[in-house]
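Per TrEMBL, the feature coiled coil maps to 330-357. If you look up TrEMBL, you'll see 303-313 marked as compositional bias 'Polar residues'. As annotated by TrEMBL, region 'Disordered' applies to 275-313. According to TrEMBL, the repeat 'WD' annotation covers 19-50, 61-102, 103-144, 145-186, 187-228, 229-261.
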Amino acid sequence: MDSCLMIWHMKPQSRAYRFTGHKDAVTCVNFSPSGHLLASGSRDKTVRIWIPNVKGESTVFRAHTATVRSVHFCSDGQSLLTASDDKTVKVWSTHRQRFLFSLSQHINWVRCARFSPDGRLIVSASDDKTVKLWDKTSRECIHSYCEHGGFVTYVDFHPSGTCIAAAGMDNTVKLWDVRTHRLLQHYQLHSAAVNALSFHPSGNYLITASSDSTLKILDLMEGRLLYTLHGHQGPATTVAFSRTGEYFASGGADEQVMVWKSNFDVVDCGDVKVQRPPPQASSARNLPEMNLPVPPGKDKSLESVQEQSQERVSMPQTLTSTLEHIVGQLDVLTQTVSILEQRLTLAEDKLKQCLENQQLIMQRTPS
């Protein structure tokens with residue numbers, strides 16, 4: 001909201017870069033695949049391409065006629081995708097720094113747009129309550145998904161490129177197959193709008209950020225909730241896994257950016273092997289198989305899913321994984337308590353300062 005970008009170094013005690021240039025709130029950021037460029041969009045209707053170094057030099061794209069809500073680099077780094085409140089999605093050439101074409105079938109603000117892993121498809125989410133799938137080459141809308149009951153806030157491709165996930169103001173997350181356009185999974189776990197989501201690079205997990213202040217991690221293979229993470233005070237506005245999936249970062253309306261360790265190889269989720277999608281992924285008609293299960297019906301409870309998984313493993317392994325799961329949850333609780341303690345200390349310091357200032361004023365005021 002302060003119109004600045006912060007580039008943080010993950011090494012402790014390393015300095016952060018603060019980039020200024022936008023004239024209004026910065027709504028979105030995205031690194032190029034190589035990490036040599038950074039794109040940002042703003043309420044000032046522009047997109048800036050930055051070189052993330054000490055100088056912080058940037059090139060301005062006079063991109064849209066309203067707030068830019070989303071920026072995303074193609075996997076080859078050659079193209080940039082932008083979405084805006086002017087109801088359009090635009091594609092730009094990164095190196096030539098010029099506009100290529102517009103996609104303009106949405107009838108309300110476009111909140112998010114993403115390239116598929118192979119760069120052949122584009123998906124966009126809008127306040128017109130639809131998710132649209134586009135062919136980049138023909139520039140035609142392949143399909144509109146209309147199942148959301150409210151504004152669609154965020155959308156992204158599964159790492160395999162075979163399905164998409166969308167988040168909405170109706171508190172839901174939905175996953176569709178981009179080949180058959182069938183609804184694969186539907187989650188209604190948050191008590192407020194879902195603002196962002198991110199797939200783990202393995203494709204087995206999805207993390208969501210909501211205005212109910214929580215983050216939730218979903219196991220897509222089991223079709224169930226794994227964790228609810230508390231840390232932000234107020235809405236959690238954004239979340240993203242790192243390239244390797246080892247970490248994820250979340251941002252909130254509380255002005256906090258939190259970096260979390262995934263620890264998926266420690267808890268009872270089994271070993272997660274991270275495999276990046278191959279650059280030469282095939283077209284939408286013959287994409288690699290991604291067998292996401294349809295979630296269990298009402299007759300199949302979470303307990304029954306857990307019972308089945310327990311039958312598959314021996315008793316000692318089950319006990320070990322359960323203990324590791326508890327330890328993982330305790331770590332999360334410890335971190336949350338630590339954050340609360342820090343905030344309580346800050347509040348106490350401010351209160352003490354206020355009392356001291358009041359005493360000074362009382363002393364100076366003549367009786």
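Indices start at 1 and increase along the chain as displayed.
Each residue, glycine too, has its Cβ placed from N, Cα and C.
For the repeat 'WD' (61-102), the partner stretch with the most Cβ pairs below 8 Å, chosen from 19-50, 145-186, 187-228, 229-261, is 19-50. Remote same-chain partners of the coiled coil (330-357), defined as residues 6 or more beyond its termini with a Cβ less than 8 Å from a stretch Cβ, comprise 227, 229-231, 233, 263. When DSSP labels each residue, the repeat 'WD' (61-102) comes out as 0 helix, 23 strand, 19 coil, counted as helix, strand and coil in that order.
Residue counts for the repeat 'WD' (145-186) by DSSP state, with H, G and I taken as helix and E and B as strand, are 0 helix, 22 strand, 20 coil.
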